[in-house]
Amino acid sequence: MDGGSQGVVRRHGAVAEEDPDRHGRDHPGNEDDGGGGVDEKAHPRRSRRVASLDVFRGLTVALMILVDGAGGEWPVIGHAPWNGCNLADFVMPFFLFIVGMAIPLSLKRIPNRSRAVRRVVLRTLKLLFWGILLQGGYSHAPDDLTYGVDMKHVRWCGILQRIALAYLVVAVLEIMTKNAKVQDQSSSGFSIFRLYFSQWIVACCILVIYLSLVYGIYVPDWDFRMSDVKSPNYGKIFAVACGTRGKLNPPCNAVGYIDRKVLGINHMYHKPAWRRHRDCTDDSPHEGPFKTDAPAWCYAPFEPEGILSSLSAVLSTIIGVHYGHVLVHMKSHTDRLKQWSIMGITLLVLGLTLHFSHAIPLNKQLYTFSYICVTAGAAGIVFCMFYFLVDILNLRYPFAPLQWTGMNAMLVYVMAAAGIFEGFLNGWYYEGTNNTLVYWVRKHVFVKVWHSTRVGILLYVLFAQILFWALVAGILHRARLYWKL
């Protein structure tokens, strides 16, 4: 989701991130992919794609489809109701890490900084447009055969919007702080940190600002009116008692307070994961009817991709940028893996220590520092594994479906993860809109065969969604067609 120009394009080779030290074997590269402004005629070269990055991106898209489709039946797959970290909670930081890692590769040379910034801003606007269109409420796919959104309740934040913000901040930072003269110099050890010391200063400033606001802002009592017309409590006003500061619980944290003040509660996500919290429902961690004595905040909206949490999410992208710098400057596979694995393990240990010592809990909704460390560390370790298997041992075929998906990530995200294609299929129904084509296939081909709703839905997502779209992406790859932003 961080590729080149908008639209479906046909190319002699897939435009993507490339290893600057390996050329001439696979695909013609295009260094202008990230808006670096490189004149291809002045710098003709053939470059080998970093296949492991495509595979990692494909895995992340597949995980998103899996958690969206099967998370309701398998709580360990879905988002944690509040503190903790389930499989779904790795998806967003993995995307941000990948976007960050791609930035140094696509902006290796910057002969024209203003042109590069313009390209970055344009891509950011495209991401924002698609994010608001797909997650703002206009699209009701795949379940409802309607579309449109009341602008009074449009959701301004979302997955692509957060990626857009992180990409804009980090890409501009890379452009403004990088010295073009050192891009072809080899580096080792901590010298890479020294080369990009200013970027780590910015990262520290972001962290200090985030922690200061989270623990320093006073959160007063607040109330909200139920706006869901389908709810029996429609129009009812709920009051939430807070009057505190420095709390990381669901109702009284500074992250939600800032979003309510800036975005407005009507423009926040109306089905947050905390609805499955044990304080809200007896079916926790599954979603179920609220308890009769459920606290008022259980009914309230909460924005998991809000303003303050998106600020801290930028750190995931900056860590990814460091991994990209290692790939650009280090020439040895061993040196790269050593640098990546040490940082990944260090981050993982630090994050887990903060969580289990009860200093800072793992929390995706708040995007806490421990969550940044654990997820970025896990991303680094997973990428190391793919890099060793795919780019060093050259085991391409077992990971080909993931690689195809990663090379057409935006298409698969829109069609599968955002449910646009499934929504189109739901337009074909028999007798009633509850008996759609998708419903029939899921029920008769998967659920009835296994006599289990949980297993049937899981297999439906794996085969009818993830594998199906991997094969579609493979066909498009053979035709050299890619949809990028």
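Each residue, glycine too, has its Cβ placed from N, Cα and C.
Automatic prediction, not curation, is the source of TrEMBL annotations.
As recorded in TrEMBL:
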- 1-46: region 'Disordered' (REGION)
- 20-30: compositional bias 'Basic and acidic residues' (COMPBIAS)
- 49-173: domain 'Heparan-alpha-glucosaminide N-acetyltransferase catalytic' (DOMAIN)
- 50-70: transmembrane segment (TRANSMEM)
- 90-108: transmembrane segment (TRANSMEM)
- 120-139: transmembrane segment (TRANSMEM)
- 159-176: transmembrane segment (TRANSMEM)
- 197-218: transmembrane segment (TRANSMEM)
- 307-328: transmembrane segment (TRANSMEM)
- 340-360: transmembrane segment (TRANSMEM)
- 366-390: transmembrane segment (TRANSMEM)
- 411-430: transmembrane segment (TRANSMEM)
- 457-476: transmembrane segment (TRANSMEM)
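Here the transmembrane segment (411-430) does not lie next to the transmembrane segment (197-218) in space: the count of CB pairs under 8 Å, restricted to residues six or more apart, is fewer than 3. Taking Cβ pairs closer than 8 Å, the transmembrane segment (307-328) reaches residues 17, 19-20, 50, 92-93, 96-105, 108, 157, 161-162, 165-167, 169-170, 173-174, 183, 192-193, 195-196, 199-200, 202-203, 206-207, 209-210, 213-214, 254-255, 258-259, 262-263, 336, 339-340, 343, 347, 365-369, 372, 375-376, 379-380, 383 in its own chain, all 6 or more past its ends. Most Cβ pairs under 8 A with the transmembrane segment (197-218) among the ranges 50-70, 120-139, 159-176, 457-476 are made by 159-176. Across the domain 'Heparan-alpha-glucosaminide N-acetyltransferase catalytic' (49-173), the prediction's mean pLDDT works out to 89. Within the same chain, residues 58, 62, 65-66, 69-70, 73-74, 400-402, 404-405, 407-408, 411-412, 415-416, 422, 441-442, 445-447, 450, 482 sit at least 6 positions outside the transmembrane segment (457-476) and bring their C-beta atoms closer than 8 Å to a C-beta of that stretch. Taking H, G and I as helix, E and B as strand and the rest as coil, DSSP gives the domain 'Heparan-alpha-glucosaminide N-acetyltransferase catalytic' (49-173) the counts 78 helix, 3 strand, 44 coil.
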